[in-house]
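Everything on this sheet refers to the single structure shown next.
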Amino acid sequence: MPNCAPGACRSCLAGDHCLGIGSITAVARHCREQGRTLRVLWLDAHSDFNTSEVTPSGNVHGMPVACLCGLGPQALTELGGSAPALRPEQVRQIGIRSVDPDEKRLIKQHRIDVYDMRYIDEMGMKRTMEAALDGLDADTHLHVSFDVDFLDPSIAPGVGTTVPGGPNYREAQLVMEMIADSGRMASLDIVELNPVLDHRNLTAELAVDLVESLFGKSTLMRD
C-alpha cells in the first residue's frame, strides 16, 4: 500500500472493475499489517462473483470478488500471498441486479451479504445502508468500490454494461452521504466510467457529485 499522510483516503480511478483485485488486495495487506478490520462495500449492478470455470462471458471484470475470496486463477487469487485477500463476511454488495445462474450458486454457497435492488425496493435505501454499515468501529478500515453502473442508466448512461432498475439520484446521494457520515472510509475505487458512451458528460458530472458527497459534501440543510 502506498505511503500516505495519516488519515488520507487512498483513491484509485480506473477503467473496469478488475482494478478491485489489485487495489483491495493491497488494502487487505495493509490492514493485516496494521491489525485493522477491513470492510468492503461493493456498489455495483453486478455481483462480480463469476470464476473462470463458470463465467458465461469470459470477462475478468465479472470475477474480481470471487478472486479476492480465493476463487479463480492462482495468478489473481494470490497477488497478496497464498491466503485470499478477503473472507466472504467482509463484503457487502449493494445495488445488485444482474447475476448469472452459476454465480448465484457460488454467492449463496459462500454467504456473501447481497443487498440487491429487490431488498432496496422493499426496505428502502436508509435501512439498507444501516445494515451494510452496521458493526463499523474505530478499528475498521472501510473500502468503497464504486462501479458507476451501480446507478440507473437513465441518470448514468456512460458505462459499458448498463442494467436498468438501479438507484436514482437521491438514493445514490443517500448512499454516499451515509458512508461519509460513518467517518470510516479510508480507501476508494471508482471504475467503469466510459466517456465514449456518455451523453454530454452527464455520467461524469454525476460521478463527481457523488464522490464529493463521499468526502463529506452534503446536499442537506444540516449541521
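Glycine too: its Cβ is placed from the backbone N, Cα and C atoms.
TrEMBL annotations: computationally assigned, not manually curated.
Checking the candidates HIS17, HIS30, HIS141 against TrEMBL: the one annotated together with ASP44, HIS46, ASP48, ASP147, ASP149 at the Mn(2+) site is HIS17.
Look at ASP149 (Mn(2+) binding site): DSSP puts it in a helix.
Neighbours of the Mn(2+) site: apart from HIS17, ASP44, HIS46, ASP48, ASP147, ASP149, residues of the same chain with C-beta atoms within 8 angstroms of the site's C-beta centroid are TRP42, ALA45, SER47, HIS61, PHE150, THR161, VAL191, GLU192. Long-range neighbours of ASP48 (Mn(2+) binding site) (same chain, six or more residues apart, CB within less than 8 Å of its CB): HIS17, GLY20, TRP42, HIS61, GLY62, MET63, PRO64, VAL65, ALA66.
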